[in-house]
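Some features that TrEMBL has for this protein:
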- A:275-417: domain 'DUF7224' (DOMAIN)
- A:12-31: transmembrane segment (TRANSMEM)
- A:43-64: transmembrane segment (TRANSMEM)
- A:93-117: transmembrane segment (TRANSMEM)
- A:123-142: transmembrane segment (TRANSMEM)
- A:149-171: transmembrane segment (TRANSMEM)
- A:191-211: transmembrane segment (TRANSMEM)
- A:231-250: transmembrane segment (TRANSMEM)
Amino acid sequence: MLNAYRIELRRSPLLTAFPLMIAVDLVVLFGRSRYWIGVWPEASVAAQVVTLFLGPVLAGVSAWQAGRSSRAGMPETVLAAARPIWRIEAARLAATLTLGFLAYVIGCLTAAFISFGEAGPGFLWPSYLLLGASILIIFASVGHLAGRWWPSAAFTPVVCALGCFISMLALPFKFNVLAGPPDQHLRLLPVAVRLLFALALAALAVTAPPLRRSAERQMPRQGTPLHIRGVAIGSAAGSLIALAAVPAAGELRVERPASATAPLCERAEKGVPQVCVWPEHRKYLPELTGMAQRLGQPVQPWLKSPDAFHEFGLRRNKWGDRGFDIAEGHVRTAAIAMADRVFTESLGLCIPPRQESRAWQAMDNIRLWLEYRSAGQDPAVADEGLHMEGVSAAQREATKVIRMPAAEQQKWLAQERGHILRDPSWCKPDDRF
Amino acid sequence: MTGSDLLRYARVHRGVAVLVATAAVALLSAFFGGTHIALPSIGSGGVTTGVPFRHELPLLSAVFLTAALDGAMSAHDEMGASAMHRFRLKYCTGLTLTACAFSFATEALAVGPEAGVVFVRSLLIWFGLALLSVRLLGHQLGWIIPLASAFFLIWYPHNRWDWTSNSATDLFSWAVAVIALSVGVGATAATPWRRKAFLRT
C-alpha cells in the first residue's frame, strides 16, 4: 500500500504542475491586496482563499488521474489485481491530496512568515485553515469520483474543475469565507459539518463501485466485498446527510464576543482620547492614536471628543455598535466613524427638518472637516482613490477650509454651528450609547 | 465527399458527444446562467455584485470542441492523405459553427442578442486557447490554458482585457478573439511534418 502510494506520488502529474500551483499560491496571496499582512485572521482567510483556486486544479488533475487506468486500456489489469480496488484508488487519491495539501501548506507558511513581523503574538486561526482543507478535499474527491465513473480526458477534468468552482460559489450556503475581520469568527459546528462532508465524499470516492461499461460486462469479475459495499453506502449516506446538515448548521461566521480577548488600548498623550482595538489589529494602532490625538486637540470649547474610541465589535449594545471600522485595510472608514462620534458628542443627535438644506449641508461640512482634521494630511492625499458620492459640495467646502489658517477655520466652524443650532430643538443629546 | 461520409466521420470523432455537450452548456447558460456568483476577488460583499456565471461557461464549450480532434484513431488520422485533412478541417469548422450558432440562438432567446454575441466571442477566444493548448500539451490536455486564462479573468475582473464582461461591440475584445483564434488555428496547422519542412528550408 505504502509502496503503491509512493509510486503514485512519483508519477503524479501534480508533480509537474507543482511550480504552477506555487505560482497560483503567490498570485492569490499577493496579487490583489496586501492588507491581510500583519492581521492573523485576515492572513488565515487569505491562505484559505487560495484553496478556491487550488481546488479546481486538484479536481481536474484528480479526475484525470482516476480515469487514467481506464483510458490506458488497463481495466482488466486493475480488475485482476491481487489488491482490492479501493486500495488502488486510495493510494491514487492520497497522492493527489498530498501534493495539493503541500501547496496549500506552503501558501499558509508564506502567509504566516510574512505576517510575523507586524502581527505580534498569535498565529493563523486554525478554523479558517480547516475550512480551506475541507474545500480541497471536496474538490479532489468530486474530481476523483467523476473521473472513475466517466474516464474521459476531454470532458471530465474541465467539467469537474469549472463546474465545482461555479457550484461552490453559486450555492446559497458558503463553503468559504472571503474576509476575516477580527470582530467575527467561525463557529465550530458548521466547520465540523463541512469537514465531515469532505471526508465522507473522500471515502465515497475511494470505495464507490466502478460503473460497468458495455465492454466489461462480459468479463467475469469478483463482486465488491460486503464490508466495502457497506462503507460505500455508509459514506454516500453520510455525505448526503452532511450536505443537508450544512444549511441546517447555521451561519458560518458569527460575531466574536468582546469578552473573547482583552482589547488593546492606547492613547498618544495625556488628555487625548484613548483608542481601543482588537489585539489582531495592533498594526493600525499607531495610525489610529494619531488620528484620535488630532481630533482631541481643542479648537473650540464646544467641540468635545469622547474619552475613548472603540473598534467595531468591542462595545456592542442593543442599539447596535458605533465603533469605528477598518475596511479592507483603510483607516478612512475609522476616520468617518470617529468624526461622527466627535460630532454627536459636541452637538448631539441632530435631525433638522428635511427642507432645511443649509443645516444639513453644515452637518456634512463639519463632519468632513473633522475627517480631514483627523487624517492630518492634505485632503487631496486623504481622498485619493476614494469614491465618495453625494458629498461633493461638502468635500469642496471642507477642503477649502482645512487649508485656511487656524483662526479663519474657527470662524467658519462657529458659523456652520450657527446654521445647525438655529433652532436648538433640532439637536438632542444622544443618550442611547 | 458525401453527406453520409461526413456522418460516418462524425460518428468516430465524437460528433454526437461534442454536439450534445455544447448544447447542454448552452441550455444550462440559457436557463440558469443568470445566477450570480460572488467572485473571490470582489470581496466579502460580493454576493450582490457578483457576476452571472454564464460569463465562464463558454470555456466548457470551447474545450469540448477540441475533443473532436482527439479520439481512438487520432494517431491514424494524422497519417491520412491531404483529402482526409481537408475533411477533418471541414468537420471541425462545421462543428464549431454549429455550436456557435446554437449557443447564440439560445442566449439570444434567453437574454438578448447582445449576450449571445458575447457568449460566442468568449467561446471563440477560449477555442483558440484550447487549440493552442492541444498543440503544446497534447490532445487530452486542451483544458489547461483555457482554465489558466479563466483564473486571471476571475482574480482580476473588470479589466480592460476581461472579454467576458466587455460589451458586444468592444473592438479590443474582438481583436483578442481574432488573435486567439488565429493562433489556435495556426497551432493546429503546425503539424510536426509541416514544422520539420518549415525548419529545413
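Keep in mind that glycine also has a Cβ here, set from the backbone N, Cα and C atoms.
With Cβ pairs under 8 Å as the measure, the transmembrane segment (A:191-211) is packed most heavily against A:123-142, out of A:43-64, A:93-117, A:123-142, A:149-171. Of the Cβ pairs linking the transmembrane segment (A:149-171) with the transmembrane segment (A:43-64) and spaced 6 or more residues apart, 3 or more are under 8 Å, so the two regions touch. Contact between the transmembrane segment (A:12-31) and the transmembrane segment (A:123-142) is absent: fewer than three CB pairs lie under 8 Å, with pairs separated by 6 or more positions in sequence. In this model, the domain 'DUF7224' (A:275-417) carries an average pLDDT of 80. Sequence-distant neighbours of the transmembrane segment (A:93-117) (same chain, 6+ residues past either end, Cβ-Cβ under 8 Å): 5, 8-9, 12, 14-15, 18, 21-22, 24-26, 28-29, 36-40, 43-44, 46-47, 50-51, 54, 57-58, 61-62, 65-66, 123-124, 129, 132-133, 136-137, 140-141, 144, 202, 205-206.
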